[in-house]
Amino acid sequence: MSVADQCDTALGWSTGRQAWLSRTIRAVLCVGAVLLFTGPLITVFSGAFDHNPDPTRLSVLPNNPSMINFETAGSKGIWHYLTNSLIIAGGALLLQLSVSVFAAYALARKKFRGQAVVLLLVLTTMMLPEEVIAIPLSLVIGDLPLVHVSLRGTLLGVILPLGAWGFSIFVMTEFMKEIPVELEEAAKVDGAGELRIFAQIILPLVKPALGVVAVFGFNMIWEQYLLPLIVAADPSDYTLTVALLSLRSDEEVGPGIVLAGALLALVPSLIVYLSLQKSFLRGITTGAIKG
Amino acid sequence: MTVSHPVRGTTDVGPAASGGGAVGSHPVRRRHRRRLTGSSFTGSSFTPWLFLAPAVLIFVVFKYLPMIEGIRLSLYQVRPFLGDLWVGFDNYARIMGDERFRDAIGHTLVLAFGQTIGSMVIGFALALLLEGHAKSLWFVRSAVFLPVVAATAVIGEIWRLLLFPAPEGFVNTVLSVVGLGPWTFLDSPDTSLASVMFVGVWKGAPYDMVLILAGLAGIDRQQYEASALDGATTWQRIRHVTLPALRPVITILLTLASIRGLRVFTEVYVLTGGGPAGSTDVWMTRVFTVAFERNEIGVASAGSVMLFLITFALTVVVQLYRRRKEAG
């Protein structure tokens with residue numbers, strides 16, 4: 001076991017053939033870590049398919065496999081809540097991505113008076129916790145300024161406030177700044193207009209950043225709790241995550257009903273994470289360090 | 001350098017490209033130009049605003065307007081249909097004088113502090129364990145990261161069941177294997193705050209791990225080799241090489257986590273709703289109760305404004321400290 005080998009990691013984990021002790025300890029600890037951090041999520045999968053009304057008897061494998069939890073949850077409107085959640089996620093994400101790309105294009109590729117102010121406006125929203133404006137926001141949603149329309153109880157009331165996100169504009173702007181200006185100049189010489197440059201030159205080049213912004217945007221939207229809660233006019237307007245609270249227990253299937261709901265709320269997050277994992281991990285490091 | 005170059009380049013090209021017939025034939029641009037005569041403004045200075053309009057509109061309506069409205073409301077006694085009554089700083093005084101609010105502030109600070117430190121220590125341990133290029137380690141890292149991806153409300157519901165306070169509860173059963181427990185967890189005022197903190201650390205640690213891993217990857221391997229040649233023990237190496245190199249990452253984590261900790265809402269709301277007996281009531285759950293259950297919008301707004309000011313001050317202080325550290 002060489003010195004260079006041990007210097008590959010901070011703890012000096014050895015990967016050599018002889019270092020069986022080091023390897024065994026590490027393997028055991030890794031299994032422990034995986035169990036600790038994924039075990040609770042696995043119990044959701046098994047619990048959701050288990051007919052087991054006793055809240056104390058959660059297990060890693062279903063004892064009594066059945067779909068009854070989903071049937072019961074279905075009769076309490078879980079598919080309706082899931083639909084609400086999916087419409088909000090799809091609509092808000094689409095809006096958020098377009099808004100970010102447009103704003104970033106102006107911030108990264110143009111120079112104009114007031115640019116610094118806009119940038120400050122965007123960055124300030126990142127420091128402004130959503131929670132602290134929740135109460136006045138609920139009033140604004142109940143009576144939009146100038147047009148005096150109420151969005152209370154509508155999905156649009158949740159979608160619109162999520163439509164612009166400082167983080168996503170910021171990441172997009174940083175990314176667009178890296179595109180060489182020569183490409184744009186060449187297109188201008190060829191007589192391409194503003195929209196054509198935007199759609200045919202800039203957009204295709206920012207695809208990797210779109211991945212990062214999309215996966216974070218989805219996560220941020222799916223995570224929303226307070227916003228759908230304050231926008232809702234009655235429980236049928238809830239998203240799935242908010243509705244979990246009202247599905248906590250059922251006389252017949254016990255906590256199985258909330259586990260069925262939790263599973264449905266968990267699966268979209270897992271799909272998005274597992275399919276765009278690289279973007280996600282890259283985004284965390286760049287986002288945190290630059291922001 | 002590559003960052004600022006394209007922007008400057010674009011302006012150089014802008015006026016030339018949009019000059020001539022294009023400007024004259026475009027009604028919007030012409031109108032705009034007439035208003036801003038003389039300066040370097042050309043027709044193209046209007047287009048950035050078109051691209052920015054959606055973002056600015058949404059931010060103004062759903063962020064800035066509520067913020068201003070919140071500050072205004074915090075100075076009024078809000079009475080629907082009767083008209084608001086100016087009360088000055090009374091709402092703030094009421095919050096400071098309210099024992100339950102003071103308790104909530106205390107819980108928030110304890111929770112924020114505990115979760116921040118806990119997540120960082122566990123995250124650091126995980127990062128040390130999982131550093132490396134092997135495919136199996138990559139798999140473990142992906143698995144460990146899952147709690148970060150799951151929505152907080154979902155995690156709250158799961159842990160509420162796992163932490164069932166009876167001896168037959170899932171976690172109590174596991175603990176009994178190693179001779180611990182049974183504990184009451186979320187059900188008793190003595191253990192509830194610690195249980196909420198535990199769940200927060202469980203969700204927060206993998207996030208910290210990813211950032212610390214990025215920091216570890218940036219450490220020069222020659223420093224490790226040098227310390228090995230000097231005969232340093234593993235502990236000395238961590239203490240004198242790794243930790244100092246991670247300082248920037250740790251500062252970032254502290255800032256992010258403390259701000260996130262102060263505004264904590266969903267975890268507490270789902271896990272305990274602030275109970276039992278107010279033992280886990282935090283700032284935002286208190287504000288929420290005051291606003292939507294007691295309908296005292298003015299007082300709740302004052303609470304929100306105070307939270308914002310503290311968060312803001314904290315961010316500024318950390319930023320200044322970081323600047324000075326980097327400069328000095």
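Note that Cβ sites are derived from N, Cα and C of the backbone, with glycine treated the same way.
For A:27-49 (among others), the entry in TrEMBL reads transmembrane segment.
Residues annotated as domain 'ABC transmembrane type-1' in TrEMBL: A:82-276.
Per TrEMBL, transmembrane segment is recorded for A:86-108 (among others).
Taking Cβ pairs closer than 8 Å, the transmembrane segment (A:117-141) reaches residues 103, 106-107, 150-152, 157, 161, 164, 166-167, 169-170, 226-227, 230-231, 291 in its own chain, all 6 or more past its ends. Look at TrEMBL and you will find A:117-141 (among others) tagged as transmembrane segment.
Marked as transmembrane segment by TrEMBL: A:153-176 (among others).
The transmembrane segment annotation in TrEMBL covers A:197-222 (among others).
Same-chain neighbours of the transmembrane segment (A:253-276): 41, 44-45, 47-48, 50-55, 58, 68-70, 72-73, 76, 78, 81-82, 85-86, 89, 211, 214-215, 218-219, 222, 240-241, 243-244, 247, counting only residues six or more beyond its ends whose CB sits under 8 Å from a CB of the stretch. What TrEMBL lists as transmembrane segment is A:253-276 (among others).
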Of A:27-49, A:153-176, A:197-222, whichever stretch has the most CB pairs under 8 A to the transmembrane segment (A:86-108): A:153-176
